[in-house]
Amino acid sequence: MTLAIPLELSLFDPTSADFLVPLISFSAYFSVKSFTMRPCPRLLTRKLNYPGHIPLSPAQNALLAVGSGVVGVLDVTRGDLIASLSESTAGIFLPALHEKMKMTPEGRQIMKDRPEITNKTIEKLKELKRGTLGREYVEWLGGGGLEPESRAPVQYIDSPLLAYTMLRYRQTHDLYHTLFSLPPTLPHELSLKVLEFSNMSLPVALLSSVFGPLRLKRKETWTRDWVPWALRTGREGRSLVTVYWEKRWEQGIGELRRELGVERNDAEGVEARWGGYRKIREVERELRRKGEWVDEPEDW
């Protein structure tokens, strides 16, 4: 006879993108000869508030935060874990972020329309001129081999309204990269996390900003070159989550930066020390010289 022991916690492999699923969605049963999982009836009886919603108890939410945080804040390239961490800590900041959106006419219109950026969206943007927000967003995605729908869906937030707020932040993150000409590499992802914390007070951005640099080979150089710029830009610029990006696809990206009160990092020597950033800026300069860039009132 084998003895099966129900466990609310399960063994997991932190290298797997799905390692948290047994932790929050199943009761695991161990025996001498086998390990199996079956749905937990207690979870299946909970109300689902939107498609894909996975309701969690407070204890499960805490475990999700710890499990995703241990790995996610050390490796910000693990988008699945960062997504889980941001949702499990959402109760701390999402209501405030939602209130920020309600404070501006543009933000209120976003919450009313609830637009989503999908793969179909970018097909329409490929015909725009270089230098427009929409076209540069397409170029940025293509350069990194990314697409809008590669972002993880929102699952663990109970309120449909706050779930959309999280989705909006998640879907527009790559537009922040585009706005500041930041490539999808670890140093620049961390720079953007610092900026997001300064701009929106996101806890997950703070955690990534504190622990993520431990993995950098040039920590001191990164700190000197990027942290002051990110903190200043996030603090002085408009709240990025309140921007209705879809209505600005055809706007010159330099003009948009001026409107939002933000600038790219033009500190002395930064381009020389960061090749990925330099490459994006050089492509832009070459297109400007050829007259193939939307004319903008911005130094380049």
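A Cβ is built for glycine as well, from the same backbone N, Cα and C atoms used for every other residue.
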Just to be sure I read the record right: HIS173, ASP174, HIS177 are listed as binding Zn(2+) in Swiss-Prot. Which of GLU149, GLU189 is listed for the same site?
GLU189
Count the other Cβ atoms sitting within 10 Å of the Cβ of GLU189 (Zn(2+) binding site), across every protein chain shown.
19
Local Cβ density at HIS173 (Zn(2+) binding site) - other Cβ atoms counted within 10 Å:
18
Beyond the site residues HIS173, ASP174, HIS177, GLU189: chain residues whose C-beta lies within 8 Å of the centroid, for Zn(2+):
LEU175, TYR176, LEU182, PRO184, LEU192
Taking the Cβ of HIS177 (Zn(2+) binding site) as the centre, count every other Cβ atom within 10 Å, in any protein chain shown.
21
Using Cβ atoms only, which residues of the same chain lie under 8 Å from ASP174 (Zn(2+) binding site) while being at least 6 residues apart in sequence?
TYR137, TRP140, LEU141, LEU146, PRO148, PRO184
